[in-house]
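*Asks:* The structure that follows is given in the form of structure tokens.
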Amino acid sequence: MSAVAPRSRLSLYLDLIRWNRPAGWLVLVWPTLAALWVAADGFPGWHLLAVFVAGTVLMRSAGCTINDIADRDFDRHVKRTTQRPITSGQLGVREAALVGVVLTLVAFVLVLTTRWEAVAWSVPAVLFTILYPFTKRFFAMPQAFLGIAFNFGIVIAFAAVQGRVPATAWVLWLANLFLVLAYDTEYAMVDRDDDLKIGMKTSAITLGRFDVAAIMGFFVLCLGLTAWVLAPYGLGWPLWLGLGVAAAQVAWHFTLIKDRTREGCFTAFSKSHWIGAAIFAGVALGYLLR
């Protein structure tokens, strides 16, 4: 471990887990909370709320660490990522790996306070999180794999509340898989030129000139599946208002990404968590007023 002042070391750890960019974990928190509310048929209680908020943030942070370790040689050639702690040499791989392990263990301890079914589902969640960065070497749509990894929180939420994973959970999982495909393709559009040079595979490269149309299609599938699976739950106008606000944001995203500028695509990605927030607000308010 290099001789770096403790305050500076903490700053590097926070940079490693993207603590200064909450959009990255908010895109995961909102769908997970919406699933938790549906699974519990309303407010799930403070214990589960705390477990899933903290667990989601911890696992996303661990995922960032794993991603940076796996991509450290590629990140040197990407304009946006050259100064990340591992890539720039400010943190060693072993030290970063230790950070990731600690974060994962803390998240696992939190899950242990729930049902064993939730604990069981947390194992593949960790495995997919570890494997995701390596799919960018050979899989044409690694964002789809990311969607699988990101949305285990939905499955685990139902397992923690109900001790099972019903069809509703899987439809919500699929809906949010499309949401991840949408916003992470926006993110991939930011780095497309650099990724082409270094041979990285992304959905933005695979989709080519159909990228914007595909993103809009992914958003529509997300909202459509969410509306379809939640309509029977009697959540009334709050659900439809939330979905309407989310749809309005999708329209705004189109204006941001249609010209494919780095700035517009990054803005779209960084604001994408508001779509999940609108849906969660509709679900939570619907249960409150039901």
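Numbering starts at 1 and runs along the chain as it is shown here.
Glycine is treated like the rest: Cβ placed from N, Cα and C.
Worth saying up front: this structure is predicted, and the values here are computed from it rather than measured.
I grabbed these lines from Swiss-Prot:
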- 33-53: transmembrane segment (TRANSMEM)
- 91-111: transmembrane segment (TRANSMEM)
- 116-136: transmembrane segment (TRANSMEM)
- 138-158: transmembrane segment (TRANSMEM)
- 165-185: transmembrane segment (TRANSMEM)
- 212-232: transmembrane segment (TRANSMEM)
- 237-257: transmembrane segment (TRANSMEM)
- 269-289: transmembrane segment (TRANSMEM)
*Asks:* Mind pulling out the one from 91-111, 237-257, 269-289 with the most Cβ pairs under 8 angstroms to the transmembrane segment (165-185)?
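*Replies:* Of the candidates 91-111, 237-257, 269-289, 269-289 scores highest.
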*Asks:* Should anything in the same chain at least six residues away from the transmembrane segment (33-53) have a Cβ under 8 Å from its Cβ atoms, list it; otherwise answer none.
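*Replies:* Distal contacts: 110-111, 113-114, 153-154, 156-158, 160-162, 168-169, 172, 230, 233, 276, 279-280, 283-284, 287-288, 290.
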